[in-house]
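Read the structure below first, then the notes.
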Amino acid sequence: SSLLYLLRVSRPRRTTLSTAAIPAAACRTVLAASLHSPLCCCRARGPAADAIDAPRGERQTMGDTAHVLEHPSGDGIKVTILPLGATITSVRVPDKHGNRGECVLGFDREEPYLGKNPFFGSVAGRVANRTANAEFSLDGKTYELHANNGHHHLHGGKEGFNRKWWAVVESTATQLTLALRSPDGDEGYPGTLDVRVTYSLPTENTLKIDYAATTDKATPLNLTNHAYWNLEDGGASSVDKHVIRLEAQFYTPTDDDSIPTGEVRAVKGTPMDYCSAPRVVGDGILECDQGNGADHNFVLSGAASEEGLRPVATLWSEKSGRLMKVWTTEPGVQFYTGNFLARIGVSVGIPYSKRAGLCLECQHFPDSIHRPHFPNIVLRPGETYTQTTVHEFSCAASQ
């Protein structure tokens, strides 16, 4: 069965959702509270926030700019980040035998990141995911964006944040803060936007990503990291045998151009049900998106912690034993099964094949600027955008 969610609100509600699940009988009421709570908007209102200083980054060679995060013991994860696109180029995680191995897709050189690539490990923005017809209206004015996905706008346009050199603000053994200033009119967006992203390792096996942004004009904003995960071998094989569970009882169906229809539909009884129980990624994948696999936004339904973090997903590889748990302050996650990856990457010395990696893009919903009943993505002067996503790694005999 489906739910046509038609609630219209003029501004986010200031209540906090504390339930652990969304009962079907009350989904309209609870979705309203969830989608418009402070936990989803992730913006500080009230007194004007100080602008985030974001000096312009300078182009350098990858060898000079790649930053490695690792705890001194050397026993946990090892993360490599490139300021070009604020890109995660490598996440090496111990397997069940204690051997560290690659867990994300990517390139081993700078040049491919400047060319056409599927946003490997980069920050997508200003607005991640799709904006229908590459235009939007805000406060009585219409803005035209670059159409880089057919007639639509995808992940910030032709020269999105993934193609910008971010400036290094602070760098330690376990933390890296990068900053970017996006000028007024960048890719068609209004306002000068100052953005910071901080990658840190709070523990030996935890990767945390914190985002913050301010603007001098109202602008839509929706940031995410576009890492492709493969916990078995970093992309040498398919993720079809990975086991996943998504903490999402609803998703947003799309049209033939992958634009949300506006409906919020229950996953139960559909090929999109990765919530009821852990599920092998390849099971039923041919039933999704005309046989291409999953590329949909899921509405997170788990209870939030005091820090505003909701559970997103658990991903496990039986062969390596690696297990990854994800939490976020965002209201949704785009689950993409790498449907169009064939013959793109060279990081492991071979071309990547279809479904060599999968994405768990924590974000607001696609095309939210055209859907008033979706969570708000408009950032205004005096507000501070914040978002946190956490990845925790371990090894397990089963999920």
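Cβ atoms are placed via backbone N, Cα and C, with glycine included.
Automatic, uncurated: that is what TrEMBL annotation is.
Sequence annotations record features per position, and here TrEMBL assigns active site, proton donor to H226. Among the features that TrEMBL reports, active site, proton acceptor is placed at E361. Under the heading beta-D-galactose binding site, TrEMBL lists N129, R130, H226, A227, Y228, D295.
Neighbours of Y228 (beta-D-galactose binding site), defined as other CB atoms within 10 A of its CB across all chains, total 29.
Taking CA atoms as the reference points, Y228 (beta-D-galactose binding site) and E361 (active site, proton acceptor) are 9 Å apart. Per the record's binding annotation for beta-D-galactose, residues N129, R130, H226, A227, Y228, D295 show a top Cα-Cα distance of 18 Å. If you take the C-beta of the residue listed as 'active site, proton acceptor' and look for same-chain residues 6 or more apart in sequence within under 8 angstroms, you find A124, A128, N129, T224, N225, H226, V333, Q334, Y336.
Remark: of the recorded positions N129, H226, D295, the most isolated position is D295 (fewest other Cβ atoms within 10 Å of its Cβ).
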